[in-house]
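These notes are about the structure you will find just below.
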Amino acid sequence: MMARRSLMVGFGGYLPDRIVTNDELAARLDTSDDWIRARTGITQRHIAGPNDTAVSMATAAASRALEYAGVSAADVDAVIVATSTPDQAFPATAVRVQAELGLRGGFGFDIAAACSGFVYALSTADALVRSGQVEKILVIGSEVYSRIIDWSDRGTCVLFGDGAGAVLLSATDGAGPEGILSTHLHSDGTTGDLLYVDGAVGRRENSGFLRMRGRDVFRHAVAKLSDSVDEVLAAHGLTYTDVSWLVPHQANLRIIEGVARKLELPPERVVVTVDRHANTSAASIPLAMNEAVRDGRIRKGDLVLMEALGGGLTWGSALARL
Ligand code: COA
């Protein structure tokens, strides 16, 4: 009999209505559409409106994931939200989402692992399923980076966007090959100053903004993500050719292409949203999953490799058979 494990059964996403193009940024900053496209592949990003919050976007994405799975909110045992941009320090975003969804049982908590947040949350949720604590669990990434961006810093503000994505996991003991095969997490606090927010709760004026040494982050990203995809495939005796889809964190097209080249995956096997969403941090992988499952690219039986790197530095990978 197969061991207890998690199936990915529901997918949902939410993007704010407002789209900001590169040209709009170039009108108020010393940058250009050409520069942004060439260095990052980004053409536009969605930016939260006054009524969009980490909670509202997470709730919208989660509702769509439940609808996709045909599961009612009352059957959900737990909610994990990966976010670095919560509306409040506490209560956790996840318990607010619990209330919004009408859940009166179970539990919820947030995970802060910056752009690796979704992989961390997926790993935690999978462990809760495997240990028998939950049957159904929502794993959400919801981010409002527009509220921690220094809009006068052209080196960072062009890179990020807002949004939320959600995946519903459901426990199985079935004999089929599907489910989350494994997740692998890493962090290295000595690299914390490469990408960080310069303030916290009760922050003083002119603090609380994202700061980054872009070139150093880029270098770490390509090296660590390459190791990370090797690690997860080796854990299952699989090779590059077994992977149906790479669903990477969407930070920069050049980083994504670097990892895809290493995997010898043609571009049509890589799910890319960074061109339209920019970097939505913990929301980027579930948003990309949602898009590719709903448009029929990712199908039942496909082997999906997810990977991410973010502030911490944190990084990791996950392998799932849909
Ligand atoms: N428009 C125009 N010029 C810009 C610019 C912008 N938006 N941002 C930076 N520049 C300038 C810099 O000031 C610098 O000018 P200088 O040479 O006169 O000093 C020049 O472009 C090169 O800067 P550099 O930072 O070396 O460029 P780069 O090729 O490394 O590209 C990033 C910059 C940010 C696109 C790239 O480093 C990157 O993507 N890093 C990873 C960032 C990331 O994904 N972080 C999130 C991880 S989760």
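Backbone N, Cα and C define each Cβ position, glycine as well.
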Annotated stretch (region 'ACP-binding', per TrEMBL) among the listed ranges 160-164, 210-214, 215-219, 250-254: 250-254
Per-state residue totals over the domain 'Beta-ketoacyl-[acyl-carrier-protein] synthase III C-terminal' (233-321) - DSSP helix, strand, coil: 36 helix, 22 strand, 31 coil
Composition by DSSP (helix, strand, coil) of residues within the domain 'Beta-ketoacyl-[acyl-carrier-protein] synthase III N-terminal' (109-189): 25 helix, 33 strand, 23 coil
Pairwise CA distance, His249 (active site) versus Asn279 (active site), rounded so that it is a whole Å: 8
Count of other CB atoms lying within 10 Å of the CB belonging to His249 (active site): 33
